[in-house]
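Visitor: Handing you a structure now.
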Amino acid sequence: MSNIEVLQLRAAGVSLVLDCSGPALPSVLHWGADLGELSERALLELRRGAGAAQDGNGLDENRPIAIVPEYSAGWFGLPGLNGHRDGQDFSASFRLVDVAQADNTVVVDAADTEAGLTIRLTVELTDSGLVRAKADLTNTGETPYTVDGLTLALPVPTEATELLDLTGRHIGERHPQRHAFTQGAHIRDNRRGRTGADATLLLVAGTQGFGFQDGEIWAVHTAWSGNHRSYAERGMSGYAVIGGGELLLPGEGRLQPQGTYSTPWLYGTYGVGLDQTSTRFHEYLRSRENHPKTDRPVVLNTWEAVYFDLDLDKLKALADAAAEVGAERFVLDDGWFRGRRDDHAGLGDWYVDEGIWPKGLHPLVDHVRGLGLQFGLWVEPEMVNPDSDLAREHPDWILATGNRLPPTARHQQGLNLGVPAAYDYILERLDSILNEYDIAYLKWDHNRDFVDGGNQLTGTAGIHAQTVAVYRLIDELKRRHPGLEIESCSSGGARVDLAILERTDRVWGSDSNDALERQTIQRYTQLLLPPELIGSHVGPPKAHTTGRTQALSFRAITALFGHFGIEWDIASASQEERTELAGWVALHKELRPLLHTGRVVRADRGPSDFLLHGVVAQDNSRAVYAAVQLAQSVTSAVGRVRLPGLDPQRTYRVSRIATPGPASRWQLAWTEPVELNGAALAAAGVLLPAQWPENALLLDVTAID
Ligand code: DGJ
């Protein structure tokens, strides 16, 4: 064992101090604001001043809470490891074996020789100041050991008295909920077999009243696309933690001798204000080697334009219209494969439907490519319709258990990719389609929650295996088809997490293209993801998911701040609409180098019907803000609006961006641009006109010094 005792990792204004002096698993002595470089002596003093609170009736020893909290150490909250060997070895007590550090990554090995277990903990502080941690647990005993759960936890100080996390539903993903961080556990469990439309996304603990700009914040994200848990827990003895991990179904964590179970990564972010905490994720994602490097192509997606009405001439006309307005990628959505005339049949039969496409997809792909657009294709590889050749030939490939079928959802069942032959079949089908056609992009959908997600052949639970198999499948397809981009779609935005993002290139934010709904969905999806990773489309004038009718300017300004696309039958739109849309596409192309690399800024204006958000260039030379009137309001009509996030010292010129389409009847109080420094813009702001509900305007803020 090395002689490492207390380690300090520092990055981007964050310090993480780990007590690795043993004999127990490491605990976090500090996670939060940077402490400057502490001497060895100061680090040891920090340890002396930490630990669990002693009260008159507690344990006689001071045993701090480890990253994997242990019952054996006197943690009475949710244990990190829950497991047993047929009832025995039910409470592990790991002892440190080795600690190794390379830059800002620490790897700790520990063992419980009595219980026959070893654990490897990996803890990193990324360049952007994110903590990420995972555990690999190995059964070194001679009999099987069953892991019922293995979660990691990070401590937060007593000052974190409020919680915020997200919830939602189909066409209404990622809505915030807040409440006091009281004693007990706030547990967000997901057993849907996918990340979920109601997923937590980020579980945030912060000081009273924290907002986008203010308050100290600690937050975690559990990076897993299957069943998972995120939680916050405050114990009796002054301890509070936030953590998470995978939720294992019974038996999924059964380890044979020498078998290993690996947890997902748990990400932790610290910052002042939600903007800073999310910037750390954005910077981390942007620094990934596989982060999309080209301009995000403007998409035309066929779904809300034609649904299942796939007719070659109609699609060619749509592609022509797409090219005319400046789209760069044409995505053929659901309905192109064998037997798929509506959503009742065909999933699993991944052959181009000979009835609709006697010459295959070639005439359409050639046409689209001939227009200079990329071609994209929709798939839903993890699903099967009972009414399909695949289900008829291989009924035992359906995710199910107990000699019964789960209730269908959208008339479909899960296809068990944990069955090697099923996995091979899907890999071969997708690979062969990608070989045959010039496809730049797959829209990869997943349209149901899994119920009874079992492996019929073994009678065991199958969600863990399914989740891992999907990752393997995507990785393999990407390996075979370099440059292929994949969108993570799941009934809209039900698969948004950092594990799927390790291998995909954007998420579909929501099936709601209603711009009003999208303002909230995108604002909170951006807690985790930068704008370029969130698909956002201009839908038809009357939203298909809500029936609201919105001006093109509102729909376009909303889509502008994501990976911009169109999902509307623009071949049937008027020439005026197409001309205006072309103007919005051109504006997006002009702004996307800034919007897709800059820092996301969201102003705190209380629970108002008005939102202000923007993106500031990394060098603070320019910013674009959207001032968005959501609803009619007595309190926010509108007055002076502060513009946060700029360099306080630099002077900026604030002007309204001229936008395509009919001139707005709203006039700014100022006709000439306002010139003020960043400090004044953040503290005093500028007067904006009152707008009608469901309207927005754009401000350009350019440094002039
Ligand atoms: C759900 C997706 O979110 C939609 O965009 C569309 O692709 C449909 N599935 C197709 O079935």
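Heads up, the Cβ atoms here are built off N, Cα and C, so glycines get one too.
Below, the features straight out of TrEMBL:
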type	residues	note
ACT_SITE	D445	active site, nucleophile
ACT_SITE	D511	active site, proton donor
DOMAIN	25-255	domain 'Glycosyl hydrolase family 36 N-terminal'
DOMAIN	615-691	domain 'Glycosyl hydrolase family 36 C-terminal'
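Distances, neighbours, how buried they are, the whole picture for these features please.
Guide: Long-range Cβ neighbours of D445 (active site, nucleophile) (same chain, at least 6 residues apart, Cβ-Cβ under 8 Å): D334, W378, V379, E380, C489, S490, S491.
According to DSSP, D511 (active site, proton donor) is assigned to coil rather than to any helix or strand.
Summarised as a single figure, the pLDDT of the domain 'Glycosyl hydrolase family 36 C-terminal' (615-691) averages 90.
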Visitor: Within the domain 'Glycosyl hydrolase family 36 C-terminal' (615-691), how many residues are helix, strand or coil going by DSSP?
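Guide: Helix, strand and coil residues of the domain 'Glycosyl hydrolase family 36 C-terminal' (615-691) number 6 helix, 26 strand, 45 coil.
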Visitor: With Cβ-Cβ distance below 8 Å and at least 6 positions apart along the chain, what are the contacts of D511 (active site, proton donor)? List them in sequence order.
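Guide: Listed in sequence order, they are H170, I171, S491, G492, G493, T545.
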